[in-house]
Structures are given as C-alpha cells and as structure tokens.
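Got these off TrEMBL a minute ago, pasting:
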- 16-207: domain 'Class II aldolase/adducin N-terminal' (DOMAIN)
- H107, H109: Zn(2+) binding site (BINDING)
Amino acid sequence: MSFASLSLETKQRALAELTGVKRLFADRGWFPGTSGNLSVRVGDFAPDDFHFAITASGKDKSLSTPEDFLFVDREGKPSETTGLKPSAETLIHCEIYRQTGCGAIFHVHTVFNNLVSELFWERKSIPVDGVELIKAFNIWDEEAHIEIPIVSNFAHIPSIVPEVTERLDKRIPGIMLRKHGIYAWGVNAFEAKRHLEAFEFLFEYVYRWELLHRR
Ligand SMILES: CSCCC(=O)C(=O)COP(=O)(O)O
Ligand SMILES: [Zn+2]
C-alpha cells in the first residue's frame with residue numbers, strides 16, 4: 001500500500017476525528033499558548049511503513065482552519081506536498097507509533113501534569129496506588145500500583161527520543177516529559193482519549209494527595 005493510494009474518505013475520516021478531539025480538548029483549556037499536539041494513524045500499511053495525520057506546528061488549537069493538520073510518514077516527513085509544518089514534536093509521535101503499534105497519540109500540557117512531573121522527577125516515575133481509574137488502562141488488579149515514566153525534556157526534540165525508547169512501558173499507555181506534558185496513546189482515538197483523561201484525573205489526584213500528606 002502507498003500513501004497515494006489512500007482514499008479521500010480515509011483521510012477525511014482521520015481529520016474529522018482529530019478535529020473533534022481538538023475542539024473538545026481546547027474547550028477544556030488543554031492547549032494553553034498553542035501547546036499540545038494530536039495524531040492518528042491512517043491506512044493499513046506494513047508495520048514498519050506507517051503514516052499519520054498530525055497537528056501543524058504552532059497553531060492556535062482553539063481555532064478550526066483548513067491548515068490545522070497534515071499527513072506525515074514514519075520519519076515525520078510530509079506524506080504529500082504541503083506548505084504546512086508538522087508539530088515540532090513529531091519525532092516523539094513517530095517513536096511511540098514504532099514502539100507500540102498504537103493508532104492515536106494525544107499530547108497536552110496541563111498544570112497538574114507539569115507539577116507531578118517535577119514532584120516525582122528524582123524517582124523518574126509517578127506512582128499511583130489503588131485508584132479505581134487505573135482500570136481505564138485495562139489494568140484490573142485489586143489495589144493496582146502503577147508507575148508512569150518521566151523522561152527528560154530537551155529543547156532539541158531528537159534528544160528526547162532515546163529516553164522515550166528506553167523508558168516506554170508497554171503496560172502504561174503514556175509517558176511524561178519533565179515540566180512539559182503527557183503523551184498518551186491508544187489503539188484508536190477513543191482509547192487514546194480515555195487514557196489521557198484517566199492520566200489527567202490521576203495527576204490531579206496524586207498532586208492533591210501529596211499536598212495533604214507531605215510535611
Ligand atoms: C508553545 S508550547 C512549546 C511546544 C510544545 O511543547 C508543544 O506541545 C506544541 O508544539 P507544536 O509544534 O506541536 O505546536
Ligand atoms: Zn509539548
């Protein structure tokens with residue numbers, strides 16, 4: 001299969017899905033200052049030859065324009081001729097698709113995700129104990145304990161990728177960049193959204209729990 005052979009309908013379906021998620025998250029204030037990026041995989045390519053739709057870089061994500069998204073290949077290069085620039089963080093999406101085979105990736109910066117990323121930086125992971133919403137990750141153990149990995153944040157995005165590769169935990173559908181934000185993924189947009197919402201709930205819970213119990 002080649003990108004050129006993808007039907008218009010397939011591409012439009014992906015863009016419509018991203019448009020809906022973008023609107024919803026923008027309404028929640030999850031894209032402050034043009035931060036955040038979203039992507040969904042398109043087509044049925046060989047596992048090592050994928051393409052995905054991703055938000056264009058630096059846009060006001062609370063607005064809807066014909067220039068909000070473009071398609072890129074496994075290396076983050078535009079799949080077709082365009083004047084649009086893919087998200088500056090496209091290489092992180094590429095690596096997560098490569099490692100997990102997932103179908104959608106959503107990234108947001110929030111105050112709670114930034115706070116817990118710094119609170120637990122020395123531990124290199126955010127611990128969560130026995131909270132019901134862990135089940136959103138399809139982890140059903142009684143009183144489950146999870147650790148959400150935190151990786152370094154560098155201005156040079158390619159430098160972040162090796163740590164993502166090293167720290168990605170197949171059981172946990174998300175990875176945190178220190179004082180930056182969370183990447184969450186799923187088999188499709190529905191699941192990636194469920195995971196992101198669960199992460200954000202858990203970050204706020206953990207932060208408030210720490211406030212109540214730390215001396
Ligand atoms: C303005 S926030 C800094 C860049 C960032 O972290 C982000 O998520 C948005 O970058 P993009 O290139 O995807 O717009
Ligand atoms: Zn970001």
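Cβ coordinates come from backbone N, Cα and C, glycine included.
All annotation found in TrEMBL is predicted automatically rather than curated by experts.
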Let me make sure I understand the structure: which of the binding-site residues listed (H107, H109) has the fewest other Cβ atoms within 10 A of its Cβ?
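H109, out of the binding-site residues H107, H109, has the fewest neighbouring Cβ atoms within 10 Å.
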Three-state secondary structure of H109 (Zn(2+) binding site) from DSSP?
coil
